[in-house]
Amino acid sequence: FDREYRKQYEIPIVIKDSGNPPQTGTSTLTVTIGDVNDNIMQPGSKEVIVYNYQGQAPDTAIGRVFVNDLDDWDTSDKLFYWDEVENPRFKLDDSSGMVTMRRGAREGRYKLRFKIYDRKHAQESYANMSVTVKHISYEAIVNSGSIRLVGMTDEDFIRIWNYRTQNIFKSKLERFRDKLAELLNIDKKNVDVFSVQMKQKSPPITDVRFSARNAFFFKAVQLNGVVLLHKDEIEQTVGINITMVNIDECLAENADCNGSCTSIMEVQTNPSLVNANKTALVGVQIKSTAECMCSAREYKQQQTCKSHPCLNGGRCSDSKSGARCSCPPGYSGPRCQQTVRSFRGNGWAWYPALDMCDKSHISVDIITTKADGLIFYNGPIVPPDDSDEQQQSDFIALELEQGYPRFLIDYGSGTLELRIQTKNPLNDGDWHRIDIFWDAERVKMVVDHCKTAVISEADDGNLVEFVDHTCQAIGRVPQFNEFLNLNTPLQIGGVFREKFDYTYNRWQYMPMGVGFEGCIRNFKHNGILYDLSHPGLSKSTMPGCLYTQEVCDLNPQVAKCMEHGKCVGNYDEAKCECNPGWSGTYCSLPTTPTTFKTHSYVKYALSFEPDKFTTQIQLRFRTRETFGELFRISDQHMREYGIIELREAKLLFRYSLNSGQVEEHEVSLTAVEVDDGQWHVIKIQRYGSAAILELDGGEGANFNQSFSFDGHQWLSVDKQEGVYAGGKPEYTGVKTFDVQADYQKSCIDDIRLDGKSLPLPPATNGTQWGQATMAK
């Protein structure tokens, strides 16, 4: 045996038992050949690339000094020295030859030269090392793509030299960079492969992460999508076997979690070193793990400005209730998201895949006059590979077919189709809202909060009839898979292929895939609002809603309200909706807040009839108190009511709809405390027994809902005696009273009931919608 000829032998051993029939198994015995220092060394050189995350790497090993010596177990016979001048930014271990970059080394290219002495052969030689240090930013990591390679070690991926033949060749890393630059049509120097890490030694699995930029960084969804579309071509050109594009530890169902699963990517302090003779890569070390949680509903840690929550140039400020964003014009989401996008009928836009949660909810608003159109699709984007048994067939899709909503979902074991024959087709040029809920077994689709349901309620509160076939559909997902596992781009407004030509044997139904023409707004998944501003890849789509904006622009009154309001329009008409804290025809008048002192309240008499099925309440408030009632509506007997209150500094909406007896429901925000003295906006929407609670834009911990139509659906409001702000007085004597749940030492501003402004004394005692009949 000679180690210079072959370093390892793998010997398969077949083991057989004496059973009938006999059982056999194969085990591999790896024999490693030892080494003798019997070769003379020759001068060597080495190329090292260091990716220094945010320039903050500690003292970091960047690779051993390389001399051309076929003996690789003779380090103990060698001594390593600097040749003449030592570089102060690096240090050398004279016994191992390991070079360490000191903390604070600046970006640039460093030329290092060393002298090596072999004691056994009494021989001296020289080695050069070229070190390129690049800083890599947080933005590059966040926008990075990733691939998982099987059958290849990290050293094999960066290797440029064959020790047997002494040939130098282009590494697989460089060939991958070249191919990616070609596919993105950018200069190769703008592509960084900044992390190469072994995930598993036997059989070898290696994770590779990369970023690319032109004027801006390409988004991860585009990088991963482009690699997935050209996967076969990349594998052939580079000589690799890609087993996963967009590394997601949650993709295999029930592998790590039996329910919700979030793939977490954490940047580690110490870089990772891949050392391969004539080359070395010091990359960002990234820990990729599966955490058994639904990230959208994980509120243990309050969001701060350190996590860069504000998008699209928004300014961030920290408060007791969490990070708050001040947004540039045109970005109306709570984190400055672009909330609406136009599609021309032959386009599409790519966004990050839907996260895996055991209970999920998507809500989306649409407006169109076209009968057919795909609203969104998330699933495979390339035809199935017959050789890949692990390939995911899960998908989810929502579309309009002949004006009616059609929803498809597949967990990998069969497709469920839900359809709703709404009273009128949804392609009527008006906004419509579609909600979809799913868990391990059941799926539900609801259109326009079921406002078209036929409801019958008896006066005694006993008989309730709720006919919902025109607004709600419920179904069960085929067994046995339980979860929707996705890591491909979410495609909104259409799919990137002209014809929907990828399908699976297991798909009983498939989307038509016709492009959507119109606008898609407020795409929300598990309470998180998608930012529609910069898709990873797109065609024939633009931010904003062109179709309704044209109607807004043609209305001169609406144009005047845009500074402190927004245009709410459809294809035919437009109107102003003032921002919280502003009022008037053109939203030019600031509202006047009222301070509520101890035992203070306002009682209203309404001049309109509130809708029984639908309630909308919006108001601004600021407080440092932890208890108190902000606003209430109720019937004459206080059996039907809706009350917004503070309880232990947390917001709560409780309501009862049974005229015969109190049956209380409640929705609360348990993770946010609002006693911070800052202005907050609360919005309540009730549709029958379903209720939605939103604080400051309503995202994440600021959003909660109870969305089921059970039992009673109507809330009757006593227009003269049933509406109060700041608490409800209870008379204890002829001239004495006590205010229940007194909201005190605090402020309220801009109360709107069903979109209609109510007055707040002393500044205003009446509006066209109501009078303040009593104020203390």
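Each Cβ is built from the backbone N, Cα and C atoms, and glycine gets one as well.
Feature list (source: TrEMBL):
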DOMAIN    1-45  domain 'Cadherin'
DOMAIN    301-337  domain 'EGF-like'
DISULFID  Cys327-Cys336  disulfide bond
DOMAIN    338-545  domain 'Laminin G'
DOMAIN    553-588  domain 'EGF-like'
DISULFID  Cys578-Cys587  disulfide bond
DOMAIN    591-776  domain 'Laminin G'
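Here the domain 'EGF-like' (301-337) has long-range neighbours at 138, 529-533, 543-544, 566, 671-676, 678, 680, 696-702, meaning same-chain residues at least 6 beyond its ends whose C-beta is under 8 angstroms from one of its own. Cβ atoms under 8 Å from those of the domain 'EGF-like' (553-588) belong to residues 332, 367, 369, 429-431, 547, 618, 620, 679, 681, 749-750, 755, 757 of the same chain, restricted to positions at least 6 beyond its ends. In sequence order, Cys310, Leu311, Asn312, Gly313, Gly314, Cys325, Cys327, Pro328 are the residues near Cys336 (disulfide bond), counting only same-chain partners six or more apart with C-beta under 8 A. In three-state terms derived from DSSP, Cys336 (disulfide bond) belongs to neither a helical nor a strand segment and is classed as coil.
Counted within 10 Å of its Cβ, the other Cβ atoms near Cys327 (disulfide bond) come to 19, all protein chains included. The secondary structure of Cys578 (disulfide bond), as reduced to three states from DSSP, is extended strand. Close to Cys578 (disulfide bond) in the fold, though at least 6 residues off in sequence, lie Cys561, His564, Gly565, Gly584, Cys587, each with a CB less than 8 Å from its CB.
Summed and averaged per residue, pLDDT over the domain 'Laminin G' (591-776) gives 94.
Counting every protein chain shown, the number of other Cβ atoms lying within 10 Å of the Cβ of Cys587 (disulfide bond) is 20.
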